[in-house]
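In TrEMBL this protein carries:
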| type | residues | note |
| --- | --- | --- |
| DOMAIN | 56-443 | domain 'Major facilitator superfamily (MFS) profile' |
| TRANSMEM | 94-115 | transmembrane segment |
| TRANSMEM | 122-140 | transmembrane segment |
| TRANSMEM | 146-170 | transmembrane segment |
| TRANSMEM | 182-202 | transmembrane segment |
| TRANSMEM | 214-237 | transmembrane segment |
| TRANSMEM | 249-272 | transmembrane segment |
| TRANSMEM | 292-315 | transmembrane segment |
| TRANSMEM | 322-349 | transmembrane segment |
| TRANSMEM | 400-418 | transmembrane segment |
């Protein structure tokens, strides 16, 4: 019988606990809360097979799809909501998204903190349960209770915050290196895919039933399945996952409103193409240009600026040309989805990734879509008041309010260029910390 501290006994403890595709030899035991929060009896040399790891990622991708599908369902039926509640000004309608995002970004840091310290599985289940109940309740609000719809949309942010801060860090635990880049790409592709399907399914459900509230109920059906899959993450094995997924998204596309369908289809296509292209460029240039990732993001962001600007001013002249520039703009913007997430994972040690993810979400939404729906609506209303009663001027006032977006994109590109100056040193520092933690575990 070999002594407890011998080399062979130490190998027994560590050999089965690498992440899929790991080149670092980094044991999960070096972190207080990695796979232990997802697997039962983690202290008993739990073996995470590649098959189970990929199935877990498939579940997370599906939840990400439903996440953004539900989020943009409201956008797909916003005009129906304005008619239903007799809302005349754009800023009030924008409150639905603003309140949701504010709730989301305020709670993201709390869930990030909890995700680095407590069992992630239970945090996700609790959050998604709140998400499910509030999303379903939203579909039963009557005409005189718009304030209640706004409140419930704010509570939906609770559930989404619990998932969005934790899911990418689980992928970071399961995969490293080139495999993680690919898996992160697949995971983040479901953001634009889900967003596009939100428009399509939202508009299609409202057209089919004649009631915008059914758009939320269709989304809730997807949430029920999502809840079940989250519970199954306990075992990291879902034999019927693909059958469940395929049944959720079947809807007669011909019943969707034309514009919602086209915009949704463009968003889905550009998300898949842009996400794949961004990751491909990252993998191609990473060995040749060490700071390639932020440069790819910068080029994508700055390249989208003229497309956004042209889209705003060509919309009243040519709808086909508008969709062409929307396609190009979204394609370029989608380059940074997966690449940016991968950057965050490789410059932050695993025990701080949930917190880092929460910080990124908070800052991104705080400076982005937290206030932008209300702000753009307020600007549009202010411009419209100079010539009230003119429908053409209402369209133009909204168009002029959107001009702020390309300038924000320009700032984003400049910040990515600034990031490229420091990314190499930051990645090296994180790598040294991780390797140092792993070495301490072996002594």
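Just so you know, glycine gets a Cβ as well, placed from its N, Cα and C.
The list of residues near the transmembrane segment (292-315) in space but at least 6 beyond its ends in sequence, with Cβ under 8 angstroms from a Cβ of it, reads 274, 278, 281-282, 285-286, 321-322, 325-326, 328-330, 332-336, 339-340, 342-343, 399, 402-403, 405-406, 409-410, 412-414, 416-417, 419-420, 423.
The stretch with the most CB contacts under 8 Å to the transmembrane segment (182-202), chosen from 94-115, 122-140, 146-170, 322-349, is 322-349. Within its own chain, the transmembrane segment (94-115) is flanked in space by residues 33, 71, 74-75, 78, 81, 123, 127, 149-151, 153-158, 160-162, 164-166, 169, 354-359, 361-362, 365-366, 369-377, which lie at least six positions past its ends and keep a Cβ under 8 Å from the stretch.
Averaged across the domain 'Major facilitator superfamily (MFS) profile' (56-443), pLDDT for the predicted model comes to 79.
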